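**Q** As listed in Swiss-Prot for this protein:
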- D21, L22, N23, R36, H59, L60, G61, R62, R116, R149: substrate binding site (BINDING)
- K200, E317, G343, G344, D345, T346: ATP binding site (BINDING)
Amino acid sequence: MVMIKMSDVDLFNKRILIRADLNVPIRNGIITSARRIHASLPTIQLALSRSNQVMVTSHLGRPVEGEYDSQFSLQPVVDYFQKNLSAKIGGVRLVKDYLDGINWISNELLILENVRFNKGEKTDDEVLAKKYASLCDVFVMDAFGSAHRIQSSTHNVSKFVKVACSGLLLEQEIAALHKALSNPVRPMVAIVGGSKVSSKLMVLESLSKVVDYLIVGGGIANTFLAAQGQNVGKSLYEAELISTAKSLLKDCNIPIPTDVRVSSEFSETAQSIMKNVTEIKDDEQILDLGDNSIINILNILNNAKTILWNGPVGVFEFPNFRKGTEMVSNAIANSNAFSIAGGGDTLMAIDLFGIANQISYVSTGGGAFLEFIEGKTLPSIEVLEEHKRMRNGNYSDINY
């Protein structure tokens, strides 16, 4: 992937617009995980070290497009910057109305309000994209988590700015995924959990071609158990994808659980019963791995040199069905392998077990992370590549 890098651009005293991913979880006005904010900091700090006209914008949640809704405002993000990061970035101000121009106050970082409040954002509207472009001399795409979205602030804006480049976080994300997928040190192990095979079918098919072991968990594993003829009771599984699961089992080394933890009810207080997979009753549902299955996975992980992790292997939100995900998480954390993890539930598990600093790279992407693994071209990256081709390498001496 060949894009103009932020580090290659003359940023001195330029108007810089950074499209970051500040889509953080917020409860009662309080940010519950600031991981994405901190991941964006290096790019913001680099911009501030070169210019006193730096703007950052992002989406947050899913408001009705074109309508202001205070519950989706970036104000809590601004508050977080002011309270926790002022020593690193200085003053911060939220700007609500910015499409027709901005009144600058020197040495302030401007946070431009939620882009999804702007009509046309989600349809990649060119008129809106041109308004974004008019605000800046340099556009920095740093929102890997939104790189799969064809929207005005992530895609079309790059067609109309003088210089469009990749931010530090975007470069790190791509480099980490390339390291895991393009030339992995072997053995390579992928862990794919979640509720449905259908939602991760292309991921499973892509990974089956490159990994040495493909570990499946959650509802995905249930479909593979059913493909082997096991009764999965009232567990979540997809009967229509049993033939697909059988095909994957032939093409890839997929260790299927031999024992599981089940319950007759789905609740936080449900009793956990460990059983061989041949003993599951019709009124029971699989909610976690059993001890022998966990040991088998740990043995595989202990020998791995590259680990890609997306999704829990059980209902880890319930304490009685947390063991599988916790043991797998700790094994990855304690491994000497290069490890990369991504996806919303995966990040929740990483935070719950406090292992973020022990994973080689924790991706900020969810959908973008999965689509990259699938081998899809991410639109925001594609347009940055096209922008560089259009510039033909001549971007350092542009008259801003």
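A Cβ is built for glycine as well, from the same backbone N, Cα and C atoms used for every other residue.
Let's see these features in context: how buried, what's close, how far.
**A** In the three-state DSSP classification, H59 (substrate binding site) falls within coil.
In the three-state DSSP assignment, the secondary structure recorded for E317 (ATP binding site) is coil.
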**Q** What's the longest C-alpha separation between any two of K200, E317, G343, G344, D345, T346, the listed ATP-binding residues, in angstrom?
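**A** Farthest-apart Cα atoms in K200, E317, G343, G344, D345, T346 are separated by 21 Å.
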**Q** For the binding-site residues listed here (H59, R116), tell me which residue's CB has the most neighbouring CB atoms inside 10 Å.
**A** H59
**Q** Within 10 Å of each Cβ, count the other Cβ atoms and name the one among the binding-site residues G61, G343, G344 with the highest count.
**A** G343
**Q** Taking every protein chain in this structure into account, which of the binding-site residues D21, E317 has the most other Cβ atoms within 10 Å of its Cβ?
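**A** Answer by Cβ density within 10 Å: D21.
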**Q** Do me a favour and check the Cα-Cα span between T346 (ATP binding site) and R116 (substrate binding site); whole Å is fine.
**A** 26
**Q** Relative to the Cα of G344 (ATP binding site), which of the binding-site residues D21, N23, H59, G61, R116 has the closest Cα?
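**A** Looking at Cα distances from G344 (ATP binding site), the smallest one goes to N23.
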